[in-house]
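According to TrEMBL, the protein carries these features:
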type: REGION; residues: 26-78; note: region 'Disordered'
type: COMPBIAS; residues: 30-40; note: compositional bias 'Basic residues'
type: DOMAIN; residues: 73-395; note: domain 'Aminoacyl-transfer RNA synthetases class-II family profile'
type: BINDING; residues: GLU144, ILE145, THR146, ARG174, GLN188, ASP192, ARG332, TYR336, TYR337; note: L-histidine binding site
Amino acid sequence: MAAWSSSPSLRHLLFRPRLPLSPTCLTGSSRRHVHRHSRQRLFSSTSSSTLTHGDAASTHGDGDGVVDVNPPRGTRDFPPEDMRLRTWLFDQFREVSRLMAFEEVDFPVLESEALFIRKAGEEITQQLYNFEDKGGRRVVLRPEITPSLARLVIKQGKSVSLPLKWFTIGQCWRYERMTRGRRREHYQWNMDIFGVPKVRAEAELLQAIVLLFQRLGITSLDVGIRVSSRKVLQAVLNMYSIPEHLFAQVCVIVDKLGKLTREEIEKELMSTGLSSEAVRGIIEVLSLKSLSKLEEVLGSGVEAVADLKKLFSFAEQYGYAEWICFDASVVRGLAYYTGIVFEAFDREGNLRAICGGGRYDRLLSTFGSEDIPACGFGFGDAVIVELLKEKGLLPDIPRQIDDIVFPLDEELEGPASSIASSLRKKGRAVDLVEDKRLKWVFKHAERINASRLILVGNSEWERGMVRVKILSTREEFEVKAGELE
């Protein structure tokens with residue numbers, strides 16, 4: 001440490017930024033009030049420096065010993081003001097999960113690569129941060145959470161009773177092209193239900209999503225939830241006698257509807273061996289936006305139609321029918337989905353899917369275990385913050401400290417330490433400040449939104465007293481040091 005203090009020029013050189021850093025201040029004046037002005041920097045927004053600095057400079061340093069202080073491309077730092085926002089959002093996730101009677105679980109970010117290597121050309125298998133560890137094992141930074149959850153369910157076995165209602169908030173990694181609301185690392189809120197075969201489980205999950213939106217101030221005019229079923233596509237494939245082994249591959253392709261042109265989708269489907277007649281039939285059915293029209297095409301006896309009608313009936317009973325709509329094109333890109341699927345979208349169409357999920361009744365058998373009916377969703381932190389910013393709904397959350405304790409003389413540092421320690425044991429957040437001018441202390445109190453300033457002065461301390469200033473009212477009084485609460 002002595003070398004640091006004696007060599008300020010070296011410290012300046014090592015930490016000199018190679019590129020301009022994004023502004024880190026969040027403006028605002030009141031605690032947890034809605035801040036409706038644009039922010040320069042948000043913990044989940046993709047700033048221009050985030051998108052470019054990884055290409056402009058190496059994160060490993062250069063020959064001059066200058067370290068690039070930016071994080072790796074597509075990742076984020078969380079300085080205090082951004083961390084407060086992240087904590088606030090995660091608290092919303094946890095509160096909705098509590099209201100829905102879910103229990104929290106967690107898993108390692110580092111998982112076995114085999115857990116995420118699947119067939120059918122899923123995009124996710126091309127986006128893995130995977131490598132061989134020092135023990136020669138193939139590992140991966142998890143790109144999603146559901147397989148980790150399935151692994152834990154298998155591990156727990158019969159020691160847990162069904163149904164399981166679990167949630168987690170975890171970091172995920174995908175090496176992919178970045179756009180607004182999409183980055184290479186993000187945090188994801190997952191809620192999953194194991195052991196409920198009926199669509200009641202999906203209805204519960206959809207209520208959780210709607211509850212979160214409502215708590216954040218988002219309405220059904222801002223956001224909708226598209227709902228369909230993988231069984232719709234399965235019924236269409238059965239109509240054209242398409243082999244079962246092509247189902248997952250077709251799902252991955254048609255999930256690109258809206259991202260690729262119809263001609264490109266048709267070309268990819270034809271490349272799997274489907275006839276032109278089957279391709280046209282698939283596209284026509286997946287273009288339907290009406291459940292009654294779907295029933296006309298497939299018939300009322302088809303399981304997919306019955307499931308969807310039941311779900312929409314539940315939506316009426318729960319009171320969120322205006323949030324959901326039928327859209328046959330929703331199939332979700334992950335191969336393990338087996339039934340109802342859904343995804344939330346912003347109605348203005350400026351953002352990618354806000355969240356998505358569905359039923360995956362046959363996932364456990366892919367890991368060599370007995371299948372259990374299951375469904376769940378993943379809800380990322382990046383897109384929702386973009387939406388909140390767009391709607392002027394991001395809260396302003398300043399730092400909040402209960403007390404500042406300040407000794408007016410150096411010989412009173414011991415008593416000040418004792419007072420600070422006593423208050424902390426009583427549950428108050430206390431900042432102990434020394435070696436500053438009183439004018440600086442008052443400005444500091446304003447910066448950190450402190451409630452009280454406790455001054456330890458010689459004349460007061462000789463009488464066993466301290467001076468207390470209530471900063472919101474400017475009221476001042478003396479109180480016995482032992483009676484501070």
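Using N, Cα and C of the backbone, Cβ positions are placed for all residues, glycine too.
Unlike curated entries, TrEMBL annotations are predicted automatically.
A quick note: this is a predicted structure, and the numbers were derived from the prediction, not measured.
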Notebook entry, point to check: Taking the Cβ of TYR337 (L-histidine binding site) as the centre, how many other Cβ atoms fall within a 10 Å radius?
Noted result: 25
Check: For THR146 (L-histidine binding site), which residues in the same chain are close in space, meaning a Cβ under 8 Å from its Cβ, but six or more apart along the sequence?
Finding: ASN190, ASP192, LEU334, TYR336, TYR360, LEU363, GLY376, GLY378
Item checked: Segment confidence, the domain 'Aminoacyl-transfer RNA synthetases class-II family profile' (73-395), expressed as mean pLDDT -> 91
Check: Looking at the binding-site residues GLU144, GLN188, ARG332, which one has the fewest other Cβ atoms within 10 Å of its own Cβ?
Finding: GLU144
